[in-house]
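Quick look at what Swiss-Prot annotates:
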- 26-491: domain 'UvrD-like helicase ATP-binding' (DOMAIN)
- A47, S48, A49, G50, S51, G52, K53, T54: ATP binding site (BINDING)
- 519-809: domain 'UvrD-like helicase C-terminal' (DOMAIN)
Amino acid sequence: MKRIPFLTAEEIALKQAQEAASDKPQKKTAEQIEAIYSSGRNILVSASAGSGKTFVMVQRIIDQILRGVAVSQLFISTFTVKAAGELKERLEKELGQALKEAESPELKQHLAQQLADLPNADIGTMDSFTQKVLSRYGYLLGLAPNFRILQSASEQLILQNEVFSQVFDHYYDSERQALFSRLVKNFTGKRKDLSAFREQVYRIYSFLQSTSSPQRWLEETFLYGYEHSDFAAERERIFCQIKSALWELETFFSAHLEHEGREFAGAKYQENVQDALTVLAGLNESSSIEETAQILKQIVALSQLSNGQAFTARVGKNADELKKEMAKDYNEARKPMIERLRSFDQQLYQLDFIEQHQDECLPLVELLRDFVADFAQAYLERKKAENAFEFGDISHFAIEILETFPEVRRFYQERYHEVMVDEYQDTNHTQERMLDLLSRGKNRFMVGDIKQSIYRFRQADPQIFSDKFKAYQEDSSQGKLIVLKENFRSHLEVLEATNDVFKRLMDEEVGEIDYNETHYLVAGNPAKREPNPANRASFLIYEGSKESPEEEADEGLPQAVSAGEVDLVIKEIIRLHNEEGVAFKDITLLTASRTRNDLILAAFEQHQIPLVPDDGAANYLQSVEVLVMLDTLRTINNPLNDYALTALLKSPMFDFGEDELARLSLQASQERSQENLYEKLVNALEGRGLNPALVTEELQKKLQHFYETLQSWRTYSKTHSLYDLIWKIYQDRFYYDMVGTLVNGAQRQANLYALSLRANEYEKSSFKGLSRFIGMIDRILENQHDLASVPVAAPKDAVRLMTIHKSKGLEFKYVFLLNMDKAFNRQDSSSAIILSRTKGVGIKYVADVSVSVKDSYAPNQLRISMDTLPYQQNLAELQLASLSEQMRLLYVAMTRAETKLYLVGKGSQEALDKRQWGKSQQGRLSASLRSQISNFQDWLYAIQDVFSDENLAYETRFVTDEELTAEEIGRINEPVLFPADDLADNRQSDDIRRALDILESVDRLNSQYRSAIELPSVRTPSQIKKFYEPIMDTDGLDIMDERAAFRPQPSFELPDFGKKAKVTGAQVGSAVHELMQRIPLDSSPSMAVLRSALAQVQADDAVKKQIQLSKIASFFETDLGRLLIENSDRVRREAPFAMLKRDEASGQEFVLRGILDGYLLFEDRIILFDYKTDKYKDSSELIARYRGQLDLYAQALSRSYGISQIEKYLILLGGEQLQVVKVD
């Protein structure tokens, strides 16, 4: 199809004016139109929540296709596989509609081709695309195309641990052993456990995987902080802050003495304040660092007089309330200022100490870099040996291919008309490098919202988006910036609440983006612009004594939601459901973590509210039914394992009680007192135990049955797969059926079924055997890892419980954000190593410091841990980035709501009101306050307090225990579907009669519609070929008639009784088809090109040797072969198709699926060709055999493109000479 020019700026403006003047109920915004039709340069679309970014992407793609761009000429990267599938579905629907409306044959043909090509279009995650690149071009790096993905974190950890041990041993035995010991002890201290050091190595490795070039980052950036430490600049920076703090204190003291201080005239503290002002008077702009330091020390010394109360205003008990309040306000405002100055004094002392010792740690940091580099290389080599890679490896291989081989890079750059990416704010540097390499510099289209960048833990870097946003905003020649801020999802009340919070919370200093008019959410849906007071956002704070049973849990675990918060939420859900008729499916609970939500599940079950929790929690191996099966397998592997054997005996499979096990434990033999439980079991069976009288006849039978069952399983395990063994256990003891009768039976059965599948997948890898499988599971558990739980079908009308991360991109009518008082996770800030993309590594260094002491018993050397200067700088960067991401998490959570938003926390009104939230600065909370706050709740409460004179769009209400009694909470008003006495009224005879009637009717239907029942819903051309063949289908064999039976036949091979399997015709056929697909068609292929293509074929060497390349070469000398070369842009190879057919016997329709070897697509005709490797003597036999199959292919092509002229060719490669036969 001939290309249609893209719209000019003037034409886009006209389109915008026409849309604005139209009477459509829902119009496109001017910004949406601009994003759909703009072209000719890089475009960044900043799309706020609910602004219709997916709609814009779909419409832009459709517009480009309607202008003649093929879907195969678009690269579209999505954040998830699910998003890619949804995008394809939308495009399929839009293309189908466009095809119906198309009038010109040329456009119809073009659109039909795009529909056919859509399943194979490059629409997917960057990981899926890099896999394609590596499969196709991995041979350039010496990599096999049949690699597998190491997706399991547990499997990765096992390999990492093995490689780490090898590299560690190498370094420990090297000439740098002394320095290496110092490095290890720096992180492990006196502990012999290496886990602390190993953990830091793995953290650095994980960070490396997100860089575009790990080796280059290690070489150029890793040591940057230590090689460029500027203590003078750091002092200058600190002293600038000190001067500001001192002047702030001077202003505060002066104002105090001038105004409210008069009420305290003559008080002792005022003399100290006056002395401080005298000292502060010596500070000016020209004061040197030394002078400023001296003034700081004097102020700190003054503040420490009177036991640190020198500046404290005191009033007597009998003073009036106003005076008490004035003293309180003064003291609370003064306290943080003095504390800040004291911290500066300490900071200067520490800086001097660090400067003396930091150079000592440089050799350690260099050695750490070398160790990580060697570990990364050794780990990569191990993965190459396994032919299994992580996604990061595959991305780096793809980048290496595109950077190293210009011809490959040009291929992709010339192929793609546009490089599009969704969720651009969550891009990491590896992905950004890939996008750069695929684009031509001015053909990128990027969509995202920096306010929704919440995947820093996956190494996403919102700075990539932010830098482009600023660059395009300041200089349009670099690219076009389009901002979509109209929200079509939410009601006005949700948007106003979100704006009211974030315009007072988020700016570039704390938040990494200035939330101003550019980013304010605007209601775009006319139906949702009308105010509705009932939808006003609610900030509900539970103030009571109901706690979570896990309140005193480990510090490392997420903070659990309190019982009172859950009751509060349940009460409101019951009200919504009973009074407003809100369906459960319209309600969603959001939490920061998917763990420790058991209290929520139990409470909802108690109140009979259906709840579907977020899937994917890694607790599969902790489920009871899986634990029982693992102990069963451990016992089969090694019966001498007392723990596993005891667990198996006590399990429901054998049901031994405590008394029976106690009797068994007393059956040690006469000769040995210390025996395993299994040996005691054998003794009991043979009557050789010390206390045979304790073994009753019933217990004897039970033990005998157990012993025989166990032995049968052990015997079976030696000759069968793990999968078969597991299912034998399920069937022998009816364990699978039994767990299905328990609570959550479907989930339990799914877990058991998944165990068999995981065992099967395990044996497909390079690992084999029960012992190694058990060993792998045990290593996973030892490292405190687990496997993801198995999802099961959920009820349709149920409240959903999910994490904020999981909710991104989704929308729900009613949203409850729980646990607002949960403290932010700041574990990264306490790590011994902190990494920065630009500043490299920063470590905590343990220095050996000599001290002079008089006491002979005191140590003369101390080990002191210090935060090196690069560590401090990286920490400040990390804390700001973490805090900014927490703001974005809150933004994502709040913008999920369509109708009403509930923000739920826990706290004391008295305590919250006592907090000093400070004053506003330029319409926001002060930067220092925002930085110090550690949970969502305090942010919102501070906004309410500081801006109390403004009409905020959310209401705050405290809820007490009195409001959460059982009577106040209420219950769901649902009719009882199955009364308790129903079962008592049933009669068994009626049930049996009804069941027999049903079975009889089923039998009649089966007989009546047998042909339709036996008809498969999907067939392939090979399966229905017999309907078209005039003779018996013996695909791949010679067909002999009566006369041919007496002709002399070619000799045949004798049976091969060796170890090597004989090459089959099917194997050769598959290899030939793959070879024909890989041959480049840019010119007539030489033998060298054919050999290179053959090397890429995924087949055994024995199979490849059966392929005669001379025949392939001669094909390209035929008329058809030359036609393919001359029209390579029109050639389609290995094209899948699907077509609806009707079965003559049943009259039912079925889907015919297949893959075409290839065809040439012209405007008025199609040339279809098919390769056949069948042995033959007479080509007419093959033509007769495959005519029906080719007719089906031709029919499918004709339907797809609306072209009736189809030429059909068979390319016969199984004879002595190549033949290209036209089939009429």
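Here the Cβ of each residue, glycine as well, is placed from N, Cα and C on the backbone.
In the predicted model, the domain 'UvrD-like helicase ATP-binding' (26-491) shows an average pLDDT of 92.
Considering only the binding-site residues S48, S51, T54, the Cβ with the fewest other Cβ atoms within 10 Å is that of T54.
The Cβ of K53 (ATP binding site) lies under 8 Å from the Cβ of V45, A47, D422, V447, D449, L484, each of which sits 6+ residues away along the same chain.
DSSP assigns S51 (ATP binding site) to coil in the three-state reduction, placing it in neither a helix nor a strand. Counting only same-chain residues at least 6 apart in sequence, those with a Cβ under 8 Å from the Cβ of G52 (ATP binding site) are Q32, L484, E486, F488, G524. Apart from A47, S48, A49, G50, S51, G52, K53, T54, the ATP site neighbourhood in this chain, defined by C-beta within 8 angstroms of the site C-beta centre, holds D449, L484, N487, F488, R489. Residue environment of A49 (ATP binding site) contains 24 other Cβ atoms, counted within 10 Å of its Cβ in all protein chains. On its own chain, G50 (ATP binding site) has N487, F488, R489, S490, L521, G524, E811, T895 as residues at least 6 apart in sequence with a Cβ closer than 8 Å to its own Cβ.
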